[in-house]
Amino acid sequence: MEKTLIIATRNSGKTKEFKKLFADFGYEIKDLTDYPELSEIEETGTTFEENARLKAEQIAEITGQVVIGDDSGLCVDVLGGLPGIWSHRFSAPDPTDEKNIAKLLHELAPTAITPERRSAHFHTTLVAAKPGRESLVVEADWDGYIALAPKGENGFGYDPIFMVDAFRTAAELSEKEKNQVSHRGQALRKLMAELPEWLYK
């Protein structure tokens, strides 16, 4: 069985989560930092699946390897699903996690006294690609609310403002807790249920 998978990302936080989640399955995980000669794949899609496919399928063609493309984002209901596929670039032109969070909290300021209007979910689409093979696609969501201010030291991205229950943000969960319930953890378990058969059908 092929035991090396390339994750189509240079995001160290994302790679760390994948390594942790795949460890139980005995896979070696590489990411695009292991392939510095590969140019950046532009995310020109209009959906999570289109972007995940672009990354996975293009890099699979170039490397000849099995590649997992991940496109994830935070979708806030009152903002019509934004930041969505633009989550990582929400505070462009020079986005950082801190600036993305600050912009989102600013956009949600009018809803501060109505927490029920701050409902949101994280979404992940994973695409497994291999040359000459129809890609495998799985998706998952993680429901929650947007906090009034960042809390917690763990995780990355919008985790410090994503309330997973009445008391804690995603950044206050341990790695193990987060991986059991998160959008990426759920999607990965779906992927692992189908990946072995897909690799060899």
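A Cβ is built for glycine as well, from the same backbone N, Cα and C atoms used for every other residue.
Per Swiss-Prot, the feature active site, proton acceptor maps to ASP71; the stated evidence is sequence analysis. For ASP71 (active site, proton acceptor), the same-chain residues lying six or more positions away in sequence with a CB closer than 8 A to its CB are GLU43, GLY45, PHE48, GLU49, ASN51, ALA52, LYS55, ILE85, THR124, THR125. ASP71 (active site, proton acceptor) falls within a strand when secondary structure is assigned with DSSP.
Cβ-based neighbour count (10 Å, all protein chains) for HIS183 (substrate binding site) stands at 21. Annotation note: HIS183 (substrate binding site) sits in a helical segment as assigned by DSSP. Annotated substrate binding site per Swiss-Prot: THR9, ARG10, ASN11, SER12, GLY13, LYS14, SER72, PHE156, GLY157, TYR158, ASP159, LYS178, HIS183, ARG184, in sequence order, evidence recorded as sequence analysis.
Look at Swiss-Prot and you will find GLU42, ASP71 tagged as Mg(2+) binding site, backed by sequence analysis. Listed in sequence order, LEU54 are the same-chain residues at least 6 apart in sequence whose CB falls under 8 Å from the CB of GLU42 (Mg(2+) binding site).
Around the Cβ of THR9 (substrate binding site), the number of neighbouring Cβ atoms within 10 Å comes to 20. Among the residues THR9, ARG10, ASN11, SER12, GLY13, LYS14, SER72, PHE156, GLY157, TYR158, ASP159, LYS178, HIS183, ARG184 said to bind substrate, no two Cα atoms are farther apart than 21 Å.
Comparing local CB density within 10 A for the binding-site residues GLY13, GLY157, the maximum falls on GLY157.
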